[in-house]
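Worksheet for the structure shown next.
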């Protein structure tokens, strides 16, 4: 715990943790918010799953470009454009009843999602020493996963209440508040992108980064299936409220996993830790195929989340170590 006390004694730690949290909470709500909205308007679980899928694909295809904008122009003006426009699009989806419009907007929202996590991650390096970076990443992972716990529970409760429109309305408000808080913070406004060496090759030409990109694609594909399959399975079984149980258990376990990873000594190499947790993650994912939306899926999801939370910390460390 000493590492965490030392980190929270530094300037800007609380700023990064608190300023970005509402926006991350919005991200934790948006997937299920879209699912329940489309399912309610169309009566089709398939279309609801398609909407989430299109949203995820749109986000993955443009993540690199949004990161490039941050690297090229800093954080202020990209966030000023992305944050309010995204919040407005959530409200537009919330008011729509058109199946085609909902699918199109779900895709556009994925393409134009504000780069909150892409903005926060490099800010840690601006005031944290190299020996504290693992602990900083562990805190960042834990905050993301905390939002991943509260978001699904909140959006499910609101979407299945007597005022279902409040789910996306709250998600929109959280994105606007969190994104605005981050862009107005001093640590974000004064952040300067790293100066690239003249003639430096693009990151995608680095073999190690290409491997990590491929690995990340498989990880993202797996999480994407999970994010669609759980609410779809629960809805088909007439127990949609249990979706929140599963995601909450997985999120809480992810928080613990990330914090445990952050306490490991730097004598444990990032690559070695990533390999071991990756292998363990594969094995703990197998029981998910035999679960039902209830306690069995909650328990299996908790194990999956614990190892997944640790993997995120080591994955970021390895990426930081191999990039030019």
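The backbone N, Cα and C atoms fix where each Cβ goes, glycine too.
Annotated transmembrane segment per TrEMBL: 46-65 (among others), in sequence order.
Sequence-distant contacts of the transmembrane segment (77-95) (same chain, six or more residues past either end, CB-CB distance under 8 Å): 23, 26, 30, 33-34, 37, 66, 69-70, 102, 105-106, 108-109, 112-115, 119, 165, 168-169, 171-173, 175-176, 179-180, 182-183, 188. The feature transmembrane segment is assigned by TrEMBL to 77-95 (among others).
Annotated transmembrane segment per TrEMBL: 101-124 (among others), in sequence order.
As annotated by TrEMBL, transmembrane segment applies to 136-160 (among others). Cβ atoms under 8 Å from those of the transmembrane segment (136-160) belong to residues 4, 7, 13, 16-17, 20-21, 24-30, 32-33, 36-37, 40, 117, 120-121, 124, 128, 166-167, 170-171, 240-241, 243-244, 247-248, 250-252, 254-255, 258-259, 261-263, 305, 309, 312-313, 316-317 of the same chain, restricted to positions at least 6 beyond its ends.
Residues or ranges marked as transmembrane segment in TrEMBL: 166-187 (among others).
Look at TrEMBL and you will find 208-226 (among others) tagged as transmembrane segment.
TrEMBL lists 208-324 with the feature domain 'Major facilitator superfamily (MFS) profile'.
Long-range neighbours of the transmembrane segment (246-265) within the same chain, counting only residues 6 or more positions beyond its ends whose Cβ lies under 8 Å from a Cβ of the stretch, are 1, 3-4, 28, 32, 134-135, 137-139, 141-142, 145-146, 148-153, 230, 234, 273, 277, 293, 297-299, 301-310, 312-314. The transmembrane segment annotation in TrEMBL covers 246-265 (among others).
A Cβ distance under 8 Å defines the sequence-distant neighbours of the transmembrane segment (277-293), meaning residues of its chain 6+ beyond its ends; these are 222, 226, 230, 233-234, 237, 239, 242-243, 246, 261, 300-301, 303-304, 307-308, 310-311, 314. Per TrEMBL, transmembrane segment is recorded for 277-293 (among others).
Sequence-distant contacts of the transmembrane segment (299-318) (same chain, six or more residues past either end, CB-CB distance under 8 Å): 121, 133-134, 137-138, 141-142, 144-145, 212, 216, 219, 230, 246-247, 249-262, 270-271, 273-274, 277-278, 280-281, 284-285, 287-288, 291. According to TrEMBL, the feature transmembrane segment maps to 299-318 (among others).
If you count C-beta pairs under 8 angstroms between the transmembrane segment (208-226) and each of 46-65, 101-124, 166-187, the highest count goes to 46-65. For the transmembrane segment (101-124), the list of distant contacts is 12, 16, 20, 23-24, 27, 30, 34, 37-38, 41-42, 47, 50-52, 54-63, 66-67, 69-70, 75, 78-79, 82-83, 85-86, 89-90, 92-93, 133, 136-137, 140, 144, 175, 178-179, 182, 187-188, 191, 316: same-chain residues at least six beyond its ends, Cβ to Cβ under 8 Å.
Listed as Cβ neighbours of the transmembrane segment (166-187) (distance under 8 Å, sequence separation of 6 or more from its ends, same chain) are residues 12, 15-16, 18-27, 29-30, 33-34, 36-37, 75-76, 79-80, 82-84, 86-88, 90-91, 93-94, 114, 116, 119-120, 123, 126-127, 154-155, 158-159. Taken together, the residues of the domain 'Major facilitator superfamily (MFS) profile' (208-324) have an average pLDDT of 84. In the domain 'Major facilitator superfamily (MFS) profile' (208-324), helix, strand and coil residues by DSSP number 100 helix, 0 strand, 17 coil.
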